[in-house]
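A.B. asks: Mind having a look at this structure? Questions to follow.
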Amino acid sequence: MITVDDLIFEYPGVRALDRASFTIPQGRIAALVGPNGAGKTTLMRCMAALEQPVSGRVEIGGIDVLEQPRACHRIIGYLSDFFGLYQRLTVRQCLHYVARAQGIAAADCAAAIADVSHGLQIKDRLDQYPSALSRGLRQRVAIAQAIIHKPAVVLLDEPASGLDPEARHQLAELFLQLQRQGMTLMVSSHILAELEAYSTDMLVLRQGRIVEHAVINAPALRKPFRLVLAGAYPQLAETLQKLQGVELVRTDQDRMAIVNLENDGDRQHQVLKALLDTGMPVCEFGPATVNLQDAYLQTLHKQP
Amino acid sequence: MTTNPEFERQLLLECPPARLSSATAVLGTVFAFCYFLDDYRFGSISSAAALGLFWLITLLWGARQSLDSIVDEYRDRTWDTQRLSALDPWQMAWGKLLGSTSMVWYCAGFCLLVYTLAAGQSTDLLRFYFYAIAGGLLVQSAALLLGLLAVGRGQTKTGSILLPALIGFAVVAPQLGDLSEIAGLGSAGFRWQPWYGWQFAQQDFHRFSLLCAVFWCMVANYRLLAQALGLRKPPTAWLGFIVFLVVYLGGLIPSGNFALAMAGFGVCGGLTYLSVVAEPQQPMQIKRLLDYYRQHNWRRVIEEFPLSWLSFALAVPFALYLSANRAHIAWFELSLHSYPLAALLLILRDCAIYVYFCYGKNPQRALNLSLLAAVLLYGVLPGLFGALGLSGLSALFFPLWADSASGAVLYAVLQCAAVLRLLYRRWQNAIC
């Protein structure tokens with residue numbers, strides 16, 4: 001759904017994006033994380049065709065974003081870190097304008113506004129001005145603006161900044177709801193705990209480079225498993241790589257390993273049996289929860 | 001309502017019922033007062049008040065409104081929302097221009113109505129309406145253009161954008177004549193306007209010129225909005241504008257064989273200055289252009305080619321032609337010559353100085369610093385050396401003082417080489 005290939009963006013004297021490349025399949029929620037100044041906003045803006053990179057390629061839904069920016073705008077929704085709401089229009093007027101500007105026929109606007117305001121629980125705020133709303137509600141209005149035309153891809157830059165824990169939880173629920181509707185989301189944030197609630201992928205951006213692309217909660221048939229041994233087993237990695245249907249994620253001191261297995265009980269039983277048959281001193285084998293914060297920090301520590 | 005959401009939005013903001021009724025009440029009171037002063041009829045006082053208010057409303061308020069229609073988007077950070085919409089540049093251009101000034105035109109229409117009632121029978125109302133509406137549209141369209149150029153450079157203070165434009169307008173407006181006089185011109189005021197040997201009625205020529213000005217202003221707005229929306233196009237509109245200006249002005253220069261070439265040189269030179277100031281000057285843009293060139297991506301090279309470079313390149317053949325034909329004229333009986341090649345190199349030097357300051361740490365001051373440099377290079381230094389009797393040194397700073405064309409070119413080349421070298425170093429520092 002989203003393919004970014006060798007993307008380079010430069011500000012005078014600074015390479016903000018350095019050959020950034022990744023692919024996000026349809027229906028995923030990718031968390032874009034990285035320290036301040038890593039290039040997250042620049043990457044988002046390049047993907048939304050709001051900035052022109054020096055070189056590289058961005059493809060969204062089969063559309064070359066750099067060649068056909070206007071075609072891309074029709075299939076994406078973009079939420080900037082400042083919300084971009086018209087303060088002199090009511091919420092309903094804001095949504096009506098954006099709906100019309102996105103090509104929704106005047107006759108269908110009321111239904112689109114009702115639909116999106118219901119989903120975002122802002123139905124009772126439609127006749128208020130954005131300046132009279134709390135930050136959390138303003139942000140919901142901004143998200144409503146971004147998704148009113150039902151885009152296939154939604155890019156959200158720091159959507160949870162400044163929100164209280166309850167609002168963050170509601171936001172996570174909302175993103176999962178959008179994912180269920182078939183949308184692909186890319187969310188940049190510093191708050192990793194909140195990203196963990198809904199992300200399926202994690203992209204770590206550091207100094208303009210994608211240094212890690214980890215699958216966190218793969219909705220597909222594979223699932224991470226944790227294998228712990230009673231003692232060190234030097235051929236651990238080699239043995240796991242040889243086993244059919246086992247995808248090795250990492251090992252730790254030849255005593256622990258994280259592997260991806262098919263989400264099928266019989267298959268998991270066969271893998272465990274095969275491990276025991278090799279004489280491996282297995283003492284623990286079960287589903288692993290991949291902590292986003294741990295994964296992120298581990299990725300950063302791995303980098304020079 | 002309409003098929004243009006931007007126009008609808010502007011209308012919603014500008015023309016709420018309360019504003020409409022209060023504007024009607026204020027204007028109604030003003031004209032009722034004039035009516036009483038005119039002895040219970042619409043006479044000369046009403047006519048003058050209506051005309052004065054019309055100009056104030058359409059020019060000052062209208063210019064401010066159309067400028068704000070774009071600057072406000074940038075200031076309120078809603079510009080990205082518009083850039084990501086499905087609106088096309090033309091929809092956006094006329095939606096902003098006519099929508100943001102809808103209240104202005106409502107009030108101006110009120111003034112026109114009173115003027116119509118107060119005007120004498122000798123007044124050509126149709127001609128008056130044409131000049132009034134086209135003049136108002138031109139100023140508002142130019143203000144929108146100014147706003148687009150300003151936000152492209154990151155300027156968002158309406159006052160600092162509009163003030164120089166208003167001062168410029170105040171200087172130029174008196175030269176354009178009194179609208180009421182234009183409207184009152186009968187057959188007694190009929191004059192011919194020569195153009196390439198043809199004779200046109202001056203009024204028709206003015207009308208045509210005004211329409212062309214409105215047309216090119218709207219084309220410029222369209223192109224700048226298209227650029228902001230990410231639509232890349234080759235510079236055909238700019239080329240078209242250059243050709244139009246050369247042909248148009250060439251016909252007005254009464255100097256025989258060299259009219260077209262002189263117009264071409266003047267237009268291209270002038271537009272080089274204009275475009276170098278109007279275009280955002282960023283070192284990365286040149287780097288990107290060179291990358292496209294290395295990749296043989298010619299379409300992108302053409303799309304990204306700076307308009308100032310294009311204008312300058314087009315000035316070169318005109319300068320060569322004028323130089324080859326020795327079409328230099330001594331001005332004011334001073335030893336100041338219009339050596340076209342030297343003048344061309346001075347344009348290059350001036351633009352390079354401006355870009356040099358743009359690539360510096362404080363690009364907002366680039367224009368002021370360039371103007372200061374121009375005062376030094378064109379006035380203070382040559383004047384100082386001239387006063388000391390060192391005319392050779394004067395010509396070194398202002399090559400048009402030189403006694404020969406070759407000397408002028410040599411001095412101009414030396415200056416260009418020095419400035420371009422400095423510019424290249426600064427560009428390299430900026431991109432590394």
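Placement of Cβ uses the backbone N, Cα and C atoms for every residue, glycine included.
Remember, TrEMBL labels are computer predictions, not curated facts.
Copied straight from TrEMBL:
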- B:20-38: transmembrane segment (TRANSMEM)
- B:44-63: transmembrane segment (TRANSMEM)
- B:103-122: transmembrane segment (TRANSMEM)
- B:128-149: transmembrane segment (TRANSMEM)
- B:161-185: transmembrane segment (TRANSMEM)
- B:205-224: transmembrane segment (TRANSMEM)
- B:236-253: transmembrane segment (TRANSMEM)
- B:259-278: transmembrane segment (TRANSMEM)
- B:305-324: transmembrane segment (TRANSMEM)
- B:336-359: transmembrane segment (TRANSMEM)
- B:371-398: transmembrane segment (TRANSMEM)
- B:404-424: transmembrane segment (TRANSMEM)
A.B. asks: Select the range from B:44-63, B:103-122, B:128-149, B:336-359 that forms the most Cβ-Cβ pairs under 8 Å with the transmembrane segment (B:259-278).
C.D. replies: B:336-359
A.B. asks: Can you see whether the transmembrane segment (B:103-122) and the transmembrane segment (B:44-63) are touching - at least 3 CB pairs under 8 angstroms, only pairs 6 or more apart in sequence?
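C.D. replies: When sequence-distant Cβ pairs are counted, the transmembrane segment (B:44-63) touches the transmembrane segment (B:103-122), since at least 3 lie under 8 Å.
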A.B. asks: Pairs 6 or more apart in sequence, C-beta under 8 angstroms, 3 or more of them: is that satisfied by the transmembrane segment (B:205-224) and the transmembrane segment (B:44-63)?
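C.D. replies: Output no: the transmembrane segment (B:205-224) is apart from the transmembrane segment (B:44-63).
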A.B. asks: Same chain only, please: residues at least 6 beyond the ends of the transmembrane segment (B:20-38) with a C-beta under 8 Å from a C-beta of the stretch. Say none if there are none.
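C.D. replies: Contacts with the transmembrane segment (B:20-38): 44-46, 49-50, 53, 103, 106-107, 110-111, 114, 118.
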